Amino acid sequence: MSDQVTARALWSSRAAFILAASGSAVGLGNIWKFPYLAGSYGGGAFVLVYIACVVIIGAPIMIAETMLGKHGRGNPAHAMLALAQQAKTHPAWQYLGWVGIIIGFLILSYYSVIAGWSLAYIFKVSGALNVNISPANAISRFNDFKSSSDFQIIWHTLFMGLTYLVVSGGVSRGLERTTRYMMPALLVMLLLMDIYALNSGGFLQGLRFLLHPDFSKLTTEGLLAAMGQAFFSLGVGMGAIMVYGSYLPDDVSIPRSSVIVCVTDTIVALMAGMAIFPIVFANGLEPSMGAGLIFETLPIAFGHMPGGGWLGAIFFILVFFAAITSAIALIEPAIALLSEKFDLDRARASLLVVAACWLAGFGTVYSFGENPARWLHGKTFFELIDFVTSDLLLPISGVLIAIFSGWKLSATISRSEFDPQQGRTWRAWLVSIRYIAPAGVVLILLDALGLL
């Protein structure tokens, strides 16, 4: 293994890995989903349950997936095959790595289209047409933009082109350099927006919506939403954390690094909520979730605020940074596979994977057009791929990662990743990864399939 490690590119430091893994975890869901879920399901009550779910489900699986990558020292498929052979178990475990690679590729094929919208809206919200825009015009503009395949293709192409520029640079000159600057910049922009929101006139109402604990609103549906958000938000199960772990130096503590990533991810989500909802309430608008919040509600607010054009541009640059740091993580497992399996140089492997993902994105582009094709159960291509990856494959991948790490991987390997004085912490992790985390993710899967 020493020769393999020597030949393999590694992160330059623990901080480099933490920034990259945080970039992988922090995405559109932190901005347009978590704050609304928190406000809808009891504010601080939801946040407390979410944090508990991160501790007992999300963080243990993140530690496990990083561990598999670090000790497999390869792309997810090769890493899982090597670990299965080392554990003297069935080689079919390598397909867990393949599943992660496929998930990341498919998610990016539609994620890049939506991320392209953030690039377009940097210019839309800062332009004269956004000043004093009415709700009807904001909704109409977004619908017209979505239904224009030509515009969609342009922004999808631009986003994928920028993604290629990053990933073709490799680990140190591409992934590490990008996240080293973009993640701190994202936090600074969020802080600036929080400061603005503090003086917007709606800060207390927004803070109450986001954090005031109301346990009467924390229904069973809310508990499952907190559990699902804790799992999906960290970016586990899609091969990204595993391949990032494969670039980890031997002397870096996986548990400590993973905890920092989890804390960063939660802080960003809370900061986003404290920036967004005071602005929404100050302008007399209703809180919402998803694309409607980002591309309809907020542009209305920015259009009626002093300096709203500048603030809107900063916000959508922030969204773009969150999107591209996630995108490079989603595509990295496939690039690593192609590069290692076929001995391709980094630039060529990146070009092939990015081009394939760009082409696959056309299915999503045309899903937003007029009269899109309907597939299984009347779903558009975008809805079908989102269902297969997020609702089906991701939870299955998470459960299998937990099972392999808890039951197949040598206890000596997992124990070695915890400090000698952390025996109790390791045992708690082992109990969680063997029993609690798999059970929690199975509940998430059943809920997503409508079986609960």
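Here the Cβ of each residue, glycine as well, is placed from N, Cα and C on the backbone.
TrEMBL annotations: computationally assigned, not manually curated.
Per TrEMBL, the features are as follows:
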TRANSMEM  41-63  transmembrane segment
TRANSMEM  95-123  transmembrane segment
TRANSMEM  153-171  transmembrane segment
TRANSMEM  183-204  transmembrane segment
TRANSMEM  224-247  transmembrane segment
TRANSMEM  259-281  transmembrane segment
TRANSMEM  310-337  transmembrane segment
TRANSMEM  349-368  transmembrane segment
TRANSMEM  388-407  transmembrane segment
TRANSMEM  428-446  transmembrane segment
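Outside the transmembrane segment (95-123) by six or more residues, the chain places 27-28, 75-81, 145-146, 151-152, 154-160, 163, 237-240, 242, 291, 294-295, 299, 312-313, 316-317, 319-320, 323-324, 326-327, 329-334, 337, 353, 356-358, 360-361, 363-365, 368, 382, 385-386, 388-390, 393-394, 396-397, 400-401, 404 with a CB less than 8 A from a CB of the stretch. When Cβ-Cβ distances under 8 Å to the transmembrane segment (183-204) are tallied for each of 41-63, 153-171, 224-247, 310-337, 428-446, the top count falls to 310-337. The largest share of C-beta pairs under 8 angstroms with the transmembrane segment (259-281) comes from 41-63, of the ranges 41-63, 153-171, 224-247, 388-407. Proximity of distant same-chain residues to the transmembrane segment (428-446), defined by a Cβ-Cβ separation under 8 Å and at least 6 residues beyond the stretch ends, is recorded for 53, 56-57, 60-61, 63-64, 224, 227-228, 231, 255, 391-392, 395-396, 398-399, 402-403, 405-407, 411, 414, 418, 452.
The stretch from 41-63, 224-247, 310-337, 349-368, 388-407 that makes the most Cβ contacts under 8 Å with the transmembrane segment (153-171) is 349-368. With pairs at least 6 apart in sequence, the transmembrane segment (310-337) and the transmembrane segment (349-368) have 3 or more Cβ pairs within the 8 Å limit; the two touch.
Simply put, out of 41-63, 224-247, 310-337, 224-247 has the most Cβ pairs sitting under 8 Å from the transmembrane segment (388-407). Counting residues 6+ beyond its ends, the transmembrane segment (41-63) has Cβ neighbours under 8 Å at 34, 208-219, 221-223, 225-227, 229-231, 233-234, 236-237, 241, 254-255, 258-259, 261-262, 266, 270, 398, 401-402, 417, 429, 432-433, 436-437, 440-441 in the same chain.
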